[in-house]
Amino acid sequence: MAVSSSTSTCSSFSLLLLLLLLAAAPWRSGEAAAAAARALNFTRQDFPGEFVFGAGTSAYQYEGATDEDGRSPSIWDTFTHAGKMPDKSTGDMGAGGYHKYKEDVKLMSDTSLEAYRFSISWSRLIPRGRGPVNPKGLEYYNSLIDELVERGIEIHVTLYHLDFPQILEDEYHGWLSPRVIDDFTAYADVCFREFGDRVRHWTTMDEPNVLSIAAYDSGAFPPCRCSPPFGANCTAGNSTVEPYVVAHNSILAHASVTRLYRDKYQATQEGFVGMNIYSFWNYPFSSSSADIAATQRALDFMVGWILDPLVYGDYPEIMKKKAGSRIPSFTEEQSELIRGSADFIGINHYTSVYISDASNGETVGPRDYSADMAATFRISRNDTPSGQFVPTRLPRDPKGLQCMLEYLRDTYQGIPVYIQENGFGHFGKDDDSLNDTDRVDYLSSYMGSTLAALRNGANVKGYFVWSFLDVFELLAGYHSPFGLHYVDFEDPNLPRQPKLSAHWYSKFLRGEIGINIESTISPDEHEHEHADQ
């Protein structure tokens, strides 16, 4: 992503969010460092026996083979083929997982990976979005699952990871239409029926909060819908309403799938259905009451937007107040359906931000999601709300993960939580050193914060590194590697090679080494510590 100059206003939130998705990186304040350092030494054995450590990928980013064996295009195929990536890359190649999955599952076993999280491509399994199942797609996922079972690797499947079938997008505008609920439920039914005898952990959607903002407010993600002044280069959309509609339909679709599973499959398959959100921890920019209120408001808009309905059956009161008639209402029947519809929640977490109030003048002109939230996001307390907005380096704050886990414990009735993405990328770099000590340091510190939250009563069930190997990164292409294993994208054979972090993770999981947080996070480090992106 190109660095831009702009004024950091509420509407800049979408841009910051996208950058965080692409290039999360280390930083931590001195206060957080001291807190994390108190965790001292730990090993795999310090975590509960049922706690799982894994790593993940997603279908479009990993599989490649986008035009093979009957797969139809997704909205990400359309987006990248239109040349909308900064480097004009596409996911056509991915990491070659469609043909190299057996090799990769062996790598997982060699790494002592306990669990693997991947997503299913809706357009590979059901190319027309509904109706006939693609035998080749079914064969691929069955074979992948069988390989994982044979290696004793716990399987975590995400049904939807941002890659909506283009054919349904063309038919009724995808998540904007309530028609998506029936089609998504029918797709999930196929997955439960065909794979549920071996899969017990199902996540319905990845990051519906990001989908709603990035694709329907700023228009940066496909299907690129927005309206001025909130987004640029969109040919259709309404940023003031559509993010709320998309989130609403996503929640209802999730609840419909959960009801299907509980009614038809759970008694025999004994599995669990949850939903995933993107999260970062929020600190008040100052001690003012306005900034403190804005910090909680930002949590409600980012986290509560999705989780309040799943746990309590309705949106946060502050969202209903700020958005008014632009946010849809749940009927009494819908509220009953969505309440308690998640057996667990998954979070993707990389960094933290500072929040200041931006409510002055918030009633002037049209309002989108970010204006309703009325909060300014900063990378650190030294940031100014002007000049270069998109930084080349982002904060690392392991304490923020602990705070988020404990917030979820206190706010959402102790619902089980999986950290489904946490990782370190070199944004803008074409190569990622095999000697990736910075990634080891990053993962060590966040794993330590996970343990600290566990010891404080957070109901955390697992931790997944993003990503198991280098993949096509959304909006960064092949130039922001996050993987534990290096992939040579210049070689048509896409050879894999374990990085230092893969060897380190393997030794930790086998109990051969411990982690000393004090050596990773020393109390005298300051809030300006960053890793290059």
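Cβ atoms are placed via backbone N, Cα and C, with glycine included.
Residues or ranges marked as signal peptide by Swiss-Prot on the basis of sequence analysis: 1-24.
In sequence order, Gly514, Ile515, Asn516, Ile517 are the residues near Asn41 (N-linked glycosylation site), counting only same-chain partners six or more apart with C-beta under 8 A. Look at Asn41 (N-linked glycosylation site): DSSP puts it in a strand. The N-linked glycosylation site feature in Swiss-Prot is assigned to Asn41 (among others).
Glu207 (active site, proton donor) falls outside any helix or strand according to DSSP and counts as coil. Feature annotation from Swiss-Prot assigns active site, proton donor to Glu207.
The disulfide bond feature in Swiss-Prot is assigned to Cys226-Cys234. Cβ neighbours within 10 Å of Cys234 (disulfide bond), excluding its own Cβ and spanning all shown chains: 19.
Under the three-state DSSP scheme, Asn233 (N-linked glycosylation site) falls in the coil class. Taken from Swiss-Prot, the feature N-linked glycosylation site applies to Asn233 (among others), supported by sequence analysis.
Every protein chain shown contributes to the tally, and the Cβ of Asn238 (N-linked glycosylation site) ends up with 19 other Cβ atoms within 10 Å. Taken from Swiss-Prot, the feature N-linked glycosylation site applies to Asn238 (among others), supported by sequence analysis.
If you look up Swiss-Prot, you'll see Glu421 marked as active site, nucleophile, on the strength of similarity to another entry. Same-chain residues at least 6 positions away in sequence with a Cβ under 8 Å from that of Glu421 (active site, nucleophile) are, in sequence order, Gly56, Ile347, Asn348, His349, Tyr350, Phe464, Trp466.
Around Asn435 (N-linked glycosylation site), taking its Cβ as the centre, 11 other Cβ atoms fall within 10 Å, counting all chains. Per Swiss-Prot, the feature N-linked glycosylation site maps to Asn435 (among others).
Asn435 (N-linked glycosylation site) has Glu207 as its nearest neighbour among the recorded positions Glu207, Asn233, Cys234, going by CA to CA distance. Geometry remark: Asn238 (N-linked glycosylation site) versus Cys226 (disulfide bond), CA distance 5 Å. Comparing Glu207 (active site, proton donor) with Cys226 (disulfide bond), their Cα atoms are 19 Å apart once rounded. Counting every protein chain shown, the Cβ of Glu207 (active site, proton donor) has 28 other Cβ atoms within 10 Å. Under DSSP, Glu421 (active site, nucleophile) is assigned to a strand (E or B) in the three-state scheme.
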